[in-house]
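Taken from Swiss-Prot, the feature active site, proton acceptor covers 173, and the record attributes it to sequence analysis. Here Swiss-Prot flags 64, 66, 92, 108, 133 as S-adenosyl-L-methionine binding site, drawing on sequence analysis.
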């Protein structure tokens, strides 16, 4: 009974914070599906990653807030329905409501067949930016979760190495904790410029952070 009472208090506190969250209100006002859009928006505004004409791949895209933001960046009319100057390919294991101009593939990025489908959708076009909001189902066991998180990020890095333009960029979500320093080193080994970032829209209580890699190093 005590555990249930504590759980109810936690859920009530989370709901209160969520309803009163500045970015939740802003997302509703500006038509974004989730407050996460403002994390990518801040990163992009600081670094100038996404530009009209770009080919962008969005990994872990559902519910679609990041793809919505990218679409607005690639459209002369912003959020309005109409012309799109660029290509957006989104992928998630979960379903995603359609977004005009976004090619969506549903599947598990860890499976070779799904990865092959993504590569086919890219059609050998050099990719300008890969953004990844992928996260595994967390078990609560840090050592287990660290391995799952690292695996997804390693797959994203491998995809970027094979598909990014030499001057392209990769943005990934990760969490401070076990394995963090190794993932930062992986980025440093792969990219010429590496920037850890904690956008304002990322909750203070969360260990969530983002790594941005820009400009591929020569491999081999």
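Glycine is treated like the rest: Cβ placed from N, Cα and C.
Residue 66 (S-adenosyl-L-methionine binding site) carries a helical DSSP state (H, G or I).
Residues 64, 66, 92, 108, 133 are the ones the record ties to S-adenosyl-L-methionine, and the longest Cα gap between any two of them is 18 Å. Within 10 Å of the residue listed as 'active site, proton acceptor', counting CA to CA, the binding-site residues 64, 66, 92, 108 contribute nothing. Counting neighbouring Cβ atoms within 10 Å of each of the binding-site residues (92, 108, 133), the lowest count belongs to 108.
Summarising the environment of residue 66 (S-adenosyl-L-methionine binding site), the number of other Cβ atoms within 10 Å of its Cβ, over all protein chains shown, is 28. All protein chains shown were included, and the count of other CB atoms within 10 Å of the CB of residue 173 (active site, proton acceptor) stands at 23.
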